[in-house]
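Engineer: My structure is below; once you've seen it, I'll send some questions.
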Amino acid sequence: MCGISCILALPGHDTTYHQANGHIHTNGDTQTLERKKIITELNESLDKIQHRGPDARGHWLSDDNRVALGHVRLAINDLSPDGAQPFHSPAKKIHAVVNGEFYDYDCIRKEIESTTDYVFSSRSDSEIVIALYLHHGLNFVHYLRGEFAVVLYDEEQQIFIAVRDRYGIKPLFWTVQPDGKGGKRMLIAAEMKAFLPLGWKPEWDVRSLKDAGWNHDERTIFAGVGKIRPGHYLTCTAFGHVEQRQYWDMTYPDKNLPDPRTPEELIQGVREKLLDAIRLRLRADVPIGIYLSGGIDSSVIAGMVTHLVKTEGVALGSQPASSRVCCFSIAFDEGSGFDESSIANRTADWLGVKYEKKIMNEAALAERFEDAVWHAEHHNPDLNFVGKFALSEVPQECGYKVVLTGEGADEHFAGYPSYLDDYLREPDNAYETHNTLSETERLKQFDLAEIAAKDYYDSVGADTSARGASASRKMLNNVSTISSMAAFLPRVFAPWTDKAYGLCDPQRTIANNADGATRAKILNTWHPLHSAMYIWSKGHLANIFLTCLGDRTEMAHSIEARTPLLDHKLTEYINGLPPSVKLRWMPEEKRFSEKWILREAAKPFITRELYERKKHPYSAPTTWPRDGPLHKLLKGLMTKEKVEQLGFVDWNKVGGLVEKGFGEKGDPGAMRTALVVAEWVVIAERFGVAQAEGKF
């Protein structure tokens, strides 16, 4: 894992070169000064993301000053200077920087060495990008397995390429900004804060905040700054034409096509492919640990890792196989109802692994709040991201750089409460032979599930007023999951924003984010459960769970997190399974078992307690006392002066939220909204965001 920051000149940019008769001519001292200026800017940009790569830094600047690639390194594979970046082709015509990890790279390397004359200069997994591009062109992306963001420049073809992994595990942002000399240049970086030394002046994208575009499409909270979408690559050809193209997407089987496989076959398939995904992620030249909570997702990772160590002698990175597996966790106050550390502790004892945990109280959350927001670069109506920020301190303090995590299980095995009514929306015609849910029972449970979903979201402070029929839901075969996804939008915007931006409907944003071909599959081919899982993964997974609950709070402490449950070879198999093995009706118990097939695949590797435990979403407490550290923090952040400085928030709508949200009878909805506004204040102050103004 690393950090990257890159600059690309666009038409009109003065590079201090001119070309005549096919030859490049320089302007002498001016050219030298320009190079020094670009290198200085690039280093200042890399300083902003030094936490992503504290071990080394490097840069490359083209002879014509039009392309600059910068890199800070977190050394994981090949700790020698040979693994430093940027990487260059043997002919020095192709250059690349990589953030992330590629798995199974030894096999790819052997194949390249046996079929081509390419000579590798390092043992780093990242160098395979250069070799694959040389021999496969843009198809090189199809050979990459892992979590990654890549920027590559081909001097001879004059093509600039920026690639993001299939699920968006690794971030990659881009913007076009003035170069200060009358031209423009494209900036690309792992975090938006890296743009600050490059002339970027942050402004709020109020429309994106109102319609949740930052959460559900390629926009961010800042105007003019976009994300390279998961499973996409961006190209700029001959310093002119820029476009994004998709190279991979999730897909699901025809809901009416029978699946002849038995449950036992499917369970074994999941087990084998998950073990393979984990095994591949245990390769590193540094020690590897595991994040362990009280849930099944991280516990199955810990259980399977322990199994591989004991039965196959697999080493955890540079540690000998004889070393004990080490797991990391945090604990909240036991009385909060959110603490799972006692379950994690019993799991660790059962597995025989080391268990390191950090105790979190209100003061600890308040102390970390502003730094966590700075690293996340977006808001979140929950303190769970602050907990994840603190969790990532634990492996760092114990001398670890790499951990395995359980992200992605709920998205692919149907673990969220919002999925149930979409599962019940239609019968599972693909698995009638092995389905335990009768049609009569399905219809009965469907009515109950819709009521339960509304009650659940009401209980956690969400807005459930827009759960009814709408054009947006009709666009997606009436799945209700989009209503749940849009339930936390803060209704705090100033009146002028309605006139400036019109009707802003987050559900329409979600529906529009799926392209036309995908919406046709949602309407005609996919089961509603699969449609809901697709929509959730494109929004919440990519833009919240893998950002402020993933890469950003992990890399804030120079921790590389590996996600076996998002291995695309595994997920392609899971996505092809029938809905009723993901959400399973248990007739004897008269209840549904979420993630049923994962539980069955994991059964030999986890405790009975976890096998039988119902899903408990990772969250932080939402009720806190008055006059405590968090109450004082939010009161200080949410002053009238600071809120009005944002420009787009109506003080009359938020002025009483802090008092309403705290205390024994605190309103969870008020607390969540107060957190969001406080986070906007932090972002405005840390980034120097200009006050939003009405534009008519």
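Any Cβ shown, glycine's included, is placed from N, Cα and C.
Copying in the features that TrEMBL gives for the protein in this structure:
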type	residues	note
DOMAIN	2-239	domain 'Glutamine amidotransferase type-2'
BINDING	Asp125	L-glutamine binding site
BINDING	Ile330	ATP binding site
SITE	Glu407	site 'Important for beta-aspartyl-AMP intermediate formation'
Engineer: Which whole-number value in Å describes the distance between the Cα atoms of Asp125 (L-glutamine binding site) and Glu407 (site 'Important for beta-aspartyl-AMP intermediate formation')?
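Structural biologist: Per the Cα atoms, Asp125 (L-glutamine binding site) and Glu407 (site 'Important for beta-aspartyl-AMP intermediate formation') stand 23 Å apart.
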Engineer: What whole-number Å value do you get for the CA-CA distance of Ile330 (ATP binding site) and Glu407 (site 'Important for beta-aspartyl-AMP intermediate formation')?
Structural biologist: 16
Engineer: Are there any residues at least 6 positions away along the chain from Glu407 (site 'Important for beta-aspartyl-AMP intermediate formation') with a Cβ closer than 8 Å to its Cβ? List them or say none.
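Structural biologist: For Glu407 (site 'Important for beta-aspartyl-AMP intermediate formation'), the qualifying residues are Asp297, Leu541, Phe545, Leu546, Leu549, Gly550, Ala561, Thr563, Leu565, Leu566.
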Engineer: Including all protein chains shown, what's the count of other C-beta atoms within 10 A of the C-beta of Ile330 (ATP binding site)?
Structural biologist: 24
Engineer: Note down the number of other Cβ atoms within 10 Å of the Cβ of Asp125 (L-glutamine binding site), including every protein chain shown.
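Structural biologist: Total other Cβ atoms inside 10 Å, all chains included: 25.
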Engineer: Let me know the model's mean pLDDT on the domain 'Glutamine amidotransferase type-2' (2-239).
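Structural biologist: It averages 93.
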